[in-house]
Amino acid sequence: IQIELKSGILNIFLKTGFVFTQVDLWLGLSYCDGKWNEVTVNKEGSIVAASVNELREQTLEPRLQQLKVNSPVYIGGIPPEMQNFYKDLGLEQGFGGCMKDVKFTQGAVVNLASVSSSAVRVNLDGCLSTDIAVNCRGNDSILVYRGKERAFYESGLQPFTEYLYRVVASNEGGSVSSEWTRVRTRESVPQNVPTPSRVHSINGYSIEVTWDKPAGVIGVIEKYILKAYEEDGPNIPITSAVLADTNMFTAVLTGLHPFTNYAVTLTACTLAGCTESLHALNISTPQEAPEDVQSPTAISFPTFLMMSWSPPKKPNGIITRYILYMDTVPIYFGNGTKYVVKDLAVFRAHHFVLTACTLAGCTNSSQVTLFTAQLPPSHVDAPVLMVLDSRTIYVQWKEPVEVNGILDHYVIYIAKNEENFTKWDVVYNSTEHFLEFTIQQLSPGTEYLIKLAACTGGGCSVSEAGTAITDESTPEGVPAPKAHSYSSDSFNISWTKPKYPNGIITSYGLYMDGVLTQNSSQLRCYTDGLAPWSLHSFRVQACTAKGCALGPLVEARTMEACPEGTVDLFVTVDGSNEVQLKWLAPNKPNGNLTYTVFVTGLFYADQ
């Protein structure tokens with residue numbers, strides 16, 4: 001079934017199966033009176049009838065079948081993609097005008113705005129203007145153009161108003177007219193949007209706003225927008241709400257901040273644009289309980305905490321008081337932001353919660369655990385020392401009874417027990433909480449002082465020093481002796497201690513020419529009765545209880561003495577002026593000999 005209003009005629013086209021029937025009801029311009037017209041279409045058996053107000057027309061078609069509607073109902077036109085399926089109905093341009101109170105069979109009144117699944121630029125609330133009569137003209141239409149052009153532009157029309165146009169082509173032989181064509185101008189931007197009539201707070205975060213429908217809006221209001229601005233703030237809305245249901249004139253605006261002054265405006269929008277009310281309605285949101293209450297912080301000392309805190313990030317009002325809880329017990333009430341908690345144990349954990357209050361209520365911060373400051377351990381026992389061999393000492397210790405904090409690391413100091421000066425060296429420094437350590441690569445037969453330090457974040461405590469003597473071994477680095485001869489028959493021999501005694505030196509031995517000539521604790525030796533310029537070898541031996549070691553071998557000679565014996569001379573004459581001399585060394589040279597030859601007599605020079 002198709003219903004059209006065209007050129008003053010209401011056309012009803014009905015097709016059931018292969019049977020087609022049509023009802024035409026002549027109206028003329030009777031409906032163009034600016035009033036609502038009631039249109040009724042009935043099918044009862046074989047009779048199809050149509051009526052508009054008091055006018056009625058019907059037709060009889062016995063072959064008509066029962067009408068069954070099992071497809072969507074289109075009012076005012078059909079989508080372009082559907083038109084190819086109904087070419088035989090001769091579809092015309094969509095309806096221009098207004099509809100309300102649509103009924104199907106004997107059902108209830110249909111609210112098109114609520115039941116329509118889609119709508120394309122239609123006003124579903126009824127006509128906004130009552131001056132339609134001046135736009136529904138017949139033969140008394142206004143001449144707007146005369147000429148030979150085939151296009152015309154008309155300005156000065158009313159916004160969102162329906163107009164009928166037709167063109168008459170004429171010459172000297174007569175004229176011909178086009179059909180009337182409807183057109184509606186576009187909407188205008190709303191004018192004079194009123195300020196909201198009433199605003200009241202629901203709570204600190206939302207308000208209810210009421211407004212009146214804007215008067216004189218030419219077009220269809222698509223939506224309303226509520227905006228809230230902070231007074232004395234930037235000209236940017238803090239929050240806004242878009243309301244698509246234009247039948248509602250009350251809405252709740254959320255996203256506000258408690259205890260804040262706002263200016264609320266109303267914006268009305270058509271497809272042509274939006275207009276915001278020139279003035280705003282002011283309102284102050286009430287206080288609420290604070291939000292984002294910050295946990296307290298503290299500067300830690302061994303026996304007290306200097307507490308402090310910042311105001312809530314969102315106070316939501318005037319803070320009337322703070323409550324500070326320590327281990328679930330309130331310890332402070334007041335408006336301050338600092339408090340000293342005294343008489344606490346060293347490095348003790350305490351749980352704190354801060355409560356901030358306004359007149360509307362209180363809010364707690366998250367719980368925070370704070371510690372008093374650390375101190376060095378109260379006492380550190382001396383380590384237990386065990387000598388493993390001549391170069392190794394095994395060290396053991398116990399954890400301090402009163403740590404006074406978190407044990408961080410241990411340090412072992414070592415020094416040789418020397419009378420004149422004690423130089424401490426670190427041989428162990430570790431955050432591993434082992435209770436033992438082996439000191440290696442020590443010197444044999446040496447007395448060591450060893451002490452332990454235990455450290456926390458508050459410092460270190462050092463134990464008394466323990467002593468241990470490594471096992472002796474044979475000396476190392478026995479020096480070479482120094483032999484000095486001050487006469488032709490004696491030596492003064494001296495030497496120093498070994499570089500590494502490796503224990504207590506019990507004796508020194510001096511080997512001369514491979515024979516042990518002295519064994520004592522002395523570092524020197526004198527020997528005489530030697531031959532002049534005689535060569536001798538010397539070597540020092542150093543001994544501990546674990547054994548002896550020899551130093552390097554050195555050689556030295558006694559001083560020279562006067563030669564002993566005679567010099568036997570042999571002379572051979574080799575010519576008239578040459579003599580060859582030979583001689584034998586003395587029996588005891590007693591040194592490095594040099595010879596001097598003396599000659600006396602007459603010498604003749606060559607002629």
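Cβ from N, Cα, C; glycine included.
What TrEMBL annotates here:
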{"type": "DOMAIN", "residues": "1-127", "note": "domain 'Laminin G'"}
{"type": "DOMAIN", "residues": "193-288", "note": "domain 'Fibronectin type-III'"}
{"type": "DOMAIN", "residues": "289-375", "note": "domain 'Fibronectin type-III'"}
{"type": "DOMAIN", "residues": "376-477", "note": "domain 'Fibronectin type-III'"}
{"type": "DOMAIN", "residues": "478-565", "note": "domain 'Fibronectin type-III'"}
Its residues classified by DSSP, the domain 'Fibronectin type-III' (478-565) shows 0 helix, 47 strand, 41 coil
Reduced to three DSSP states, the domain 'Fibronectin type-III' (289-375) has 0 helix, 44 strand, 43 coil
For the domain 'Fibronectin type-III' (193-288), the DSSP residue counts stand at 0 helix, 46 strand, 50 coil
Averaging pLDDT over all residues of the domain 'Fibronectin type-III' (376-477) gives 93
